[in-house]
Amino acid sequence: MASSTAATTSGFCPLIPNRRLAGSPLHVLISGRRSKRQRHHHRRCVITSAQRPTWLPGLDPPPYLDGTLAGDFGFDPLGLGEDPKSLKWYVQAELVHARFAMAAVAGILLTDLLRTTGVSSIPAWYEAGAIKFEFASTRSLFIVQLILMGFVETKRYMDFINPGSQAKEGTFFGLEASLEGLEPGYPGGPLLNPLGLAKDIHLAHDWKLKEIKNGRLAMVAMIGIFVQASVTHTGPVDNLIKHLSNPWHTTVIQTLGLGS
């Protein structure tokens, strides 16, 4: 490691001129080669810096967003991540919201598809909350959900504060080995990583990047679904069917009342 670093450095370090060679043809030749190497080094550094993708081409990302985080494109116009502790928390918050959004989009599309095809009489997602179940009251379900979600979120927060503390024996009813992860926010084990795609979280950057990209897309999709339900009072599959039946007159412009 040290030898390779030294070799790389020496390839671009300027040669120290000998005082006896000053002004001689050999000194001029060495200086010319050194100048060429320096220009090449500068050009290579500029190219390497420009190759990193950013959310706005040509914009230098802030120094604390150095590209090591999954999905880091240097986007932080408000400077919320300047504090390292806050940045770690924002990373976990985005990850959790992304996963909830992906689950929500999949659930909404599936139930909408079952309802529109006549397979099931499941209500639209924005009406499902008003449905009362016969086996339990709404208050009982709320209390049960509060306890379960509170327990899980507390465990997640404790693992964030003290990484690895929730993987110790006896911390999760003896199921620690089935949920053991290598990094906060990325639980693994046979239960949540059955295919072993990310056994070593440090080598799973591609998987983390794919997850956060899909999660961000799902969060944007959820905003669209919210607006769509508020304006059209129908689900995404119903709106898609209406658009396909008359694509030139059933669009976003006509729906929002901006068309003629």
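Glycine is treated like the rest: Cβ placed from N, Cα and C.
Predicted, not measured: the structure shown is a model, and the values here were computed from it.
All protein chains shown were included, and the count of other CB atoms within 10 Å of the CB of Asn214 (chlorophyll a 1 binding site) stands at 15. In the three-state DSSP scheme, Asn214 (chlorophyll a 1 binding site) falls into the helix class. Residues annotated as chlorophyll a 1 binding site in TrEMBL: Glu94, His97, Lys210, Glu211, Asn214, Gln228, His243.
Per TrEMBL, the feature chlorophyll b binding site maps to Arg99, Leu179. DSSP classifies Arg99 (chlorophyll b binding site) as helix under the three-state reduction. With a 10 A radius on its CB, Arg99 (chlorophyll b binding site) counts 16 other CB atoms from all the protein chains.
Other Cβ atoms within 10 Å of the Cβ of Arg216 (chlorophyll a 5 binding site) number 16 in total over all chains. Residues annotated as chlorophyll a 5 binding site in TrEMBL: Arg216.
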Between the Cα atoms of Asn214 (chlorophyll a 1 binding site) and Arg99 (chlorophyll b binding site), find the distance and write it as a whole number of Å. 9
Would you mind listing, in sequence order, the residues at least six apart from Gln228 (chlorophyll a 1 binding site) in the same chain with a Cβ closer than 8 Å to its Cβ? Thr234, Gly235, Pro236, Asn239
Take the C-alpha atoms of Lys210 (chlorophyll a 1 binding site) and Arg216 (chlorophyll a 5 binding site) and report the distance between them in angstrom, rounded. 10
Whole number in angstrom, please: the longest C-alpha to C-alpha distance across Glu94, His97, Lys210, Glu211, Asn214, Gln228, His243 for chlorophyll a 1. 32
Can you see whether DSSP assigns Gln228 (chlorophyll a 1 binding site) to helix, strand or coil? helix
